[in-house]
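> Have a look at the structure that comes next, please.
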Amino acid sequence: DLSQAMSQAGSSQFQEVIRQELEYSMKVELDKILATAHSNEIEHTKKDLEGFKKLFHRFLQEKGPSVDWGKIQRPPEDSIQPYEKIKARGLPDNIASVLNKLVVVKLNGGLGTSMGCKGPKSLIGVRNENTFLDLTVQQIEHLNKSYNTDVPLVLMNSFNTDDDTKKILQKYSHSRVKIYTFNQSRYPRINKETLLPIAKDVSYSGENTECWYPPGHGDIYASFYNSGLLDNLIAEGKEYIFVSNIDNLGATVDLYILNHLMNPPNGKRCEFVMEVTNKTRADVKGGTLTQYENKLRLVEIAQVPKAHVDEFKSVSKFKIFNTNNLWIALSAIKRLQEKNAIDMEIIVNPKTLDGGLNVIQLETAVGAAIKSFENSLGINVPRSRFLPVKTTSDLLLVMSNLYSLNAGSLTMSEKREFPTVPLVKLGSSFTKVQDYLRRFESIPDMLELDHLTVSGDVTFGKNVSLKGTVIIIANHGDRIDIPAGAVLENKIVSGNLRILDH
């Protein structure tokens with residue numbers, strides 16, 4: 001036993017030496033990078049690299065999944081409230097004064113590359129030529145006009161999206177929405193083998209674009225604080241932010257939730273509210289809220305020990321998942337940021353660059369900070385508040401007659417008999433937005449559709465109607481053109497356009 005204990009002590013000492021050497025080598029490399037910064041870049045580059053250094057230090061300390069599965073418990077009954085209960089309280093007469101305490105923050109760091117687009121994802125057209133950003137501005141403008149309020153919009157950009165977004169913002173200069181932006185941090189990607197940065201200097205254009213990355217939306221707390229915008233908004237009397245992904249078209253300002261925050265029934269305000277919704281089979285990988293060491297905690301699939309992944313995905317045990325619609329008290333962000341007390345698990349994101357080099361990105365997620373805030377709450381909201389557009393399959397749903405558009409908000413058509421959306425799977429010929437648009441002369445009528453699968457070289461004529469379950473599969477080398485005006489109800493269309501009853 002003694003020899004075993006000694007060898008364990010020796011191995012942990014050895015690991016500690018290795019860790020210290022890695023940290024030292026990293027510091028040397030980061031100092032070299034900082035030395036290449038121009039005088040006007042030094043300050044913010046220094047802040048970015050300091051933040052990265054902290055994350056790297058924690059990455060070297062932590063080993064294995066970050067949750068002890070045995071400690072995970074179901075959240076107490078009252079810690080996740082049903083939305084109906086919050087809505088039942090109604091709204092106060094002074095809803096405008098409550099609204100004036102709110103700031104809407106959209107996470108706008110992502111590019112449209114997964115949908116074959118260049119530039120910020122928020123500038124992709126989603127409905128009647130309107131982009132994600134257009135719809136967001138229309139929603140807030142409608143609020144400000146209806147209630148005579150001044151709710152501002154804040155965009156968290158990344159170095160990938162900042163320039164293009166700022167150019168486009170000029171078109172809203174006459175709208176009734178104040179728009180602010182700040183940039184999230186820029187961290188160096190590290191070589192998977194050496195654990196050293198692949199960047200040699202601070203530049204991030206040309207061949208250096210692949211050397212840097214925005215470190216996930218968990219970076220919002222530090223970069224919002226560092227930008228000075230957080231203090232300015234507090235000085236203006238703002239109290240809460242509503243944060244969501246810009247590609248979630250269901251994430252509109254909800255007055256009932258806002259009222260619950262500002263006028264809590266028990267008099268004790270929540271510092272952090274996470275909107276969750278019931279899982280379907282499509283959401284089994286979504287992060288879920290659990291009780292862990294007497295705090296609400298977000299557990300992501302990456303943190304789950306391998307032996308428990310199937311249990312984590314079970315819809316019966318973990319019924320809800322995080323929509324990433326979050327309501328957070330500004331004063332709490334400031335307090336925690338100043339104490340350096342926001343604790344978020346590290347997400348290690350492996351990537352292979354175009355040249356074949358394996359790198360890792362260290363990231364954090366905004367919702368993971370829930371355990372650092374006081375009096376946190378989950379609210380189980382209707383599925384309609386989670387309408388993300390990640391793929392052209394999602395885009396088809398939001399462009400169709402399943403939804404109607406009013407003042408920037410999409411609502412499910414009353415003519416749809418089922419409250420759920422159809423399951424749509426478009427094949428690889430539809431992945432890029434421009435290919436997808438070319439394949440539909442007009443968007444089909446989908447009011448009575450349950451399930452659509454399309455694979456291969458398929459095009460749709462005008463005024464096609466899809467009902468029930470429709471499966472269209474063009475064999476390799478074949479092409480299927482669905483004729484204008486066709487009505488496909490429970491049909492399988494295959495190969496050489498044989499239309500079969502399903």
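Cβ atoms are placed via backbone N, Cα and C, with glycine included.
Not measured: the values here are computed from a predicted model.
According to TrEMBL, the protein carries these features:
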- K121, Q184, G216, D247, K390: UTP binding site (BINDING)
- H217: substrate binding site (BINDING)
> Give me the non-local Cβ neighbours of K121 (UTP binding site): same chain, 6+ apart in sequence, Cβ-Cβ under 8 Å, ordered along the sequence.
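Once residues fewer than 6 apart are set aside, K121 (UTP binding site) is near G110, L111, G112, M115, F132, T161, I246, D247.
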> So for G216 (UTP binding site), how many other CB atoms are inside 10 Å of its CB?
23
> What are the non-local neighbours of K390 (UTP binding site), defined as same-chain residues 6+ apart in sequence with CB under 8 A from its CB?
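The answer is S114, D247.
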> Taking the Cα atoms as reference points, how far is Q184 (UTP binding site) from H217 (substrate binding site) in Å?
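Roughly 8 Å, rounded to the nearest whole number.
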> Do any residues at least six apart in sequence from H217 (substrate binding site), in the same chain, have a Cβ closer than 8 Å to its Cβ, and if so which, in order?
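In sequence order, the residues whose Cβ lies under 8 Å from that of H217 (substrate binding site) (at least 6 apart) are L107, G109, M156, Q184, N245, N324, T364, A365, V366.
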> What is the biggest Cα to Cα gap, in Å, among K121, Q184, G216, D247, K390, the residues listed as binding UTP?
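In whole numbers, the farthest two Cα atoms are 21 Å apart.
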> Taking the Cβ of Q184 (UTP binding site) as the centre, how many other Cβ atoms fall within a 10 Å radius?
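28, counting other Cβ atoms within 10 Å of Q184 (UTP binding site).
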